[in-house]
Structure formats: C-alpha cells, structure tokens
Amino acid sequence: MICSRNCGLLTGAIIGGVLAVFGGVLIPLGDYLVDRTIRKEDVIENGTIAYENWVVPGSPVYRQFWFYDVQNPEEVMNNGSRPILKQIGPYTYRMRYLPKENITQHPDYTVSYMLPNVARFEPDMSVGSENDTFTCINLAVVAAPAMYQNSFVQILLNTWIKSSNSLMLQTRSVKEILWGYEDPFLKKVLFPVERKIGVFYPYNGTSDGLYRVFNGKDDISKTAIIQSYKNKSTLSIWAGQCDMVNGTDGASFPPFVKKDRILRFFSSDICRSIYGIFDSEQIVKEIPLYRFTVPHGAFASPLETPENKCFCTETVLSKNCTASGALDISACKEGKPVYITLPHFLYASEDVTENIEGLSANKDEHETFLDVEPTTGFTLRFAKKLQINLLVKPAPKIEALSKLTKSYIFPVLWLNETAVIDDEKAAMFRSKVISSIKLLHLLQVVLIIAGCVMFLAFAISYCICKSNKLSE
C-alpha cells in the first residue's frame, strides 16, 4: 500500500516535471510558429493579410486642414508689418480610398504600383464649407520674384500684377487655395505659364508614383521597403545621402519591430525621406502598439544634426545653415519658393518664428507619430503633420512687394493626415494575430506554472512519506 502511494507521488512529480519542460519547449516552438505565420501573412502577395490591407488602406484616411487667416492685411501690405495670423479649421477630406493602380509583381520579388490621388470633402468633420473664405498670401504674386529674378522680367510682371489688381494678400476660398483657381495675374502674363494655381494643384485625377517596393517573399526584413520611386532610387533634388529614397511609405514596416529600431519612411509631399524613433507604448482597441515620433533632429540645423547638411540649399534665410525647423523644397516644386515646417513652426529656431505673430507650437498637438503593431509591422494609427509656407521677400521692381523690409517664411496652412484602424479591422486583427499569440503565450505560462506546482507538491509529498517511513 505504501509502495503504491509512493509510486503515485513519484509519478505525479514526474508528470509535473514533464509539463513544465513541455511548457518551456513551447517557448521557442511558439516563437517559431509565430515567425512562420508572420513570414507567410506579411508578404505583399495576393491572398495574404498584408496584401488585403495594402491594396486599399485598412482604415479610412483623412486629411484635416487648418488655414491661416491674416488679421492685419492693410498693415502687412502698406507698412511691411509682421502678419498676425489666426488659424481656421479643420476642413476635412477623405483620402486614399481608391485601390492602388497598375499593380505588377516582378521576378525580383518586388511589386510596383501607382497611388491614385483623390480627395472628397467631409462636411460633417469640418467647421464650415469648402466655400468659406479667408485672407491669405497671394500664391502667384509672392512666387513671381523667386521664379523670375531678372530685373526686366520683374518690371513686366509688375505691369501685369497691377493691371490685374493683384496684391500681396488675397481673399480665397478653402476649395480654391487647396485645389486651384485661375489667377487674374497669371492670366495677364504673355509668355506661356500655367494659369491655374493652388497649394495642391493639380491633385484629383492625378497619381503619385511609380512606386516599386519589395514584397518580402524572399526576405521578410525588406517587406514594403521602397526599391525605387519613379524608376529611380534617388530624387535628383538633394546632395549625398539626403537624396536617397529610404524606408517604406509609412503604411507598414518589416515585421518584428524593436524599440531600438529607427523607422524610415518616404513622403512625396515633402520630397524627402524622414524617420521616427520609439516614444512610448500605446493600446488601440485592445491592440498593443509602439509609438514612433519624428524627432526634433529630423528638422534640426546641421550644427545640431550634421547629417542634415545636405538639406540646407540656401545660406541667406538659413543664416549659413544655422537655423532649424524649415525645409526649402523649391527644387521639387518647379522653383516655387515653398518651405515645409512642422505646424506652428514646432522645433523651429527663433530666426524662423520671430516674423509671425499668432502661432503657438504644441508638441502633443503638432508632432507626427506612427503607432505600429510590432509583430506584423502594420501601422494601425498615425498622424502625419506638416505646415506649408511660402518665402516672401522684398522686390523693389514689384510694387505689391516693395514695402517688405526683409525676407521671411509666411505660413499658408497646416495639415494632419490621420487614420486609425476601424472596429471591424481591429476585431479581425485581434482574432487572427493578437489572440493567437496571447493564447500561445498563456498556454506556455499555464503549463510551466502547473508543471512546477505539480512537481514540487508531489516531490515534497513523496519526501515526507519517505521520511515518515524511515522514522517508523
């Protein structure tokens, strides 16, 4: 009877030990199964989860616009006073709701496509209608001296500006400023120029690309990384490393993202590649995410970030490349004096901010972030924010600009392109990815704990029984 009891206790201890060992073995085995599943489903190929969310964004993408309304237009135009600005917005548009076009898989494990540009106004998410007007910079007049620096040409331009009754500032609607309008000054110009102008003109009905990205089938660590943009791996805009097209388009990244990784992504809106660094852990609809933010260093002067030297293309406004926070992208905007900053001049140096009144930068409100699911690399929430500005500078030959006393960057608008995974996609993601991983980890923990408890309980009981037997 005693032998039977001891054998039972010993058997229980052995079973407990086996369960604990099996739980431990499940850790590398589970990691292998997760890795194998992700390597299959993260490939950009018809039939995978990645492909389904890649062809059309898995979440609605919106672009919100805030416009800067000039509060003291007469003082600015007549006395060269500092503009006092007041932001108006948001005016919201639905973007990226059409599927990618001309999708072609290539033998070198890449896939090419075009991104159709489309914007649909969302009145229920806006403070007013597309016909709301405000006082802003005159895009054509301000750009004229930057694009035509010859004195004789500027005299001609001044004649056409005056005859069209155009001034440095103008009143325009939301729709006109964004998507284009026939400019009265440009209609007077006798040599061939585009008569229509707008911050994003032309947009609707156009496409961005051609993009060519790695599909990850041969190397999962390259999934979604851009191989070429418009058939080139460089932009022919900047010098050195700044000209390279790096990273993905930001919608997804190669899987198994670590906190110490730098996430690089390319944005055709700002004509450059940029990057994000880990900021914090987030929970979105019960899905754990890593938040990556675009840091101050991405727009810092070469004094602070030496690798930014090749983004400095002029020395006057940048104070010999010592000013921070403004990127001159005129080289990719046909010579138009367009500058990109973060909203409200976030992270910009005083040389940039001192010429404008009414702005108030706020890191929480104005920084760009991407919330990435680390196992798959999918971006499930993001907010890409930037401000579009024009360089205004004195032009003695052009009356509308003759009262200016110095050159400075004049904000037009700022935008927030944002998306968050919807409830249906989140439920699908939790069931197919998160729940499976959690269940596997739970099984590992339960087996290890149960096995250890059984082993210790039965082993201790066996030892007690053995001790009692010896004492008898």
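From the backbone N, Cα and C atoms, a Cβ is placed for every residue, glycine too.
Automated prediction, rather than curation, is the source of TrEMBL annotations.
Look at TrEMBL and you will find CYS242-CYS310 (among others) tagged as disulfide bond. In sequence order, ARG272, GLU307, ASN308, CYS310, PHE311 make up the list of same-chain residues 6 or more apart from CYS242 (disulfide bond) whose Cβ falls under 8 Å from its Cβ.
Here TrEMBL flags CYS271-CYS332 (among others) as disulfide bond. In this view, CYS271 (disulfide bond) is surrounded by 19 other Cβ atoms within 10 Å of its Cβ, with every protein chain counted.
According to TrEMBL, the disulfide bond annotation covers CYS312-CYS321 (among others). Long-range Cβ contacts of CYS312 (disulfide bond) within its own chain (separation 6+, distance under 8 Å): SER301, PRO302, SER318, CYS321.
Under the heading transmembrane segment, TrEMBL lists 7-29 (among others).
Per TrEMBL, transmembrane segment is recorded for 439-465 (among others).
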